[in-house]
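Asker: Sharing a structure with you now.
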Amino acid sequence: MEGPQEREVPAAALAAVLKHSSALPFETAQVRGYDFNRGVDYRALLEAFSTTGFQATNFGRAVQQVNAMIEKKLEPLSEDEDQHADLTQSRRPLTGCTIFLGYTSNLISSGIRETIRYLVQHNMVDVLVTTAGGVEEDFIKCLAPTYLGEFSLRGKELRENGINRIGNLLVPNDNYCKFEDWLMPILDQMVLEQNTEGVKWTPSKMIARLGKEINNPESVYYWAQKNHIPVLSPALTDGSLGDMIFFHSYKNPGLVLDIVEDLKLINTQAIFAKRTGMIILGGGMVKHHIANANLMRNGADYAVYINTAQEFDGSDSGARPDEAVSWGKIRMDAQPVKVYADASLVFPLLVAETFAQKVDAFMPEKNED
């Protein structure tokens, strides 16, 4: 027969399970996703990401952060502030927020190239930082296409057939042969101008020259040189471009690329900016090069990272924005965002919710070539 105590729930268990809550701050948002009973409305769907939770909410915060950059960028400068433009060593006018865009080479290999080209075409960003592959793949795509494949294709069979794999993208090796045919005469001309006219080449000057030579409006760097947007690539020799420069050095030696002048260029872009924003797709060199330039001004005002890297191995690629705050690369009062996601999925949606909504404000007479 049960006693009275055996019929009562233990007080400790009740207290643990039914613990009362303190009130949350009044402004705390409620979780709520998109209701498809409203029909298919993509703008409303993306807006609902903010209150969906997880990486959808981080995406919503990234939209807010980029829109804050754009709002400040479009603010008119005072006469005194406008005079700082001469100090940046750039042919671009100073704005209320200088936007740095960094991206790894695989994104140019992918269809994100077209999204980046759109931003550059319409003067929406001020400084680009990428790797060698992020430069050469743009030009190679003007000469021959990249194809869709599968992640699972076997390397041995691809190598036997002269096909290179980038994730689930395929690049025939003939594309690089076409790239060599196009590039070698330009390298000859660069050496000639260096020796006869005293031209001091830097990676950014070389990229601008190649953008002019390709003369193709599908190219990111065609628009970059046309809109005087500097492209910094301190590791420019680490890829097919480096292979071609290496081969060329046997045929016509002497080409010199000065990375120190470019270092001064990117750092002064940050130092003399009224405000700065960083949008960084992927990690590695492009992430750190932009962040380190912003150290020169005690940190960026705005920052958005999009990558899938984790911080637990201590890599810069995986480091959260708060680590950059500790180094003075993002300001202590900033509200940076990291979206843990594949940029090929997220970045076009981010542009759709930010820059693309304000295209007329950036370029009243649209560049369409």
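The count begins at 1 with the first shown residue.
Glycine is no exception: its Cβ is also placed from the backbone N, Cα and C atoms.
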Asker: Looking at the spermidine binding annotation from Swiss-Prot, with E136, E137, D243, G314, S315, D316, E323, A324, V325, S326, W327, G328, K329 already listed, which candidate in H20, H288 is the matching residue?
Answerer: H288
Asker: Pop the Cα-Cα gap between S78 (phosphoserine) and E136 (spermidine binding site) into the table, whole Å please.
Answerer: 39
Asker: Round to the nearest Å and give the CA-to-CA distance linking K329 (active site, nucleophile) with S78 (phosphoserine).
Answerer: 26
Asker: Report, in whole Å, the straight Cα-to-Cα distance of G328 (spermidine binding site) from A343 (NAD(+) binding site).
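Answerer: Counting only the Cα atoms, the answer is 26 Å.
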Asker: Please give me the CB contact count at 10 A for E137 (NAD(+) binding site), counting all chains in the structure.
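Answerer: Its Cβ has 27 other Cβ atoms within 10 Å.
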Asker: Select the closest residue to G328 (spermidine binding site) from the following binding-site residues, measuring between CA atoms: S105, S109, E137, G283, A309.
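Answerer: Result: the closest of the binding-site residues to G328 (spermidine binding site) is G283.
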Asker: Does DSSP put S78 (phosphoserine) in a helix, in a strand, or in coil?
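Answerer: SS state of S78 (phosphoserine) = coil.
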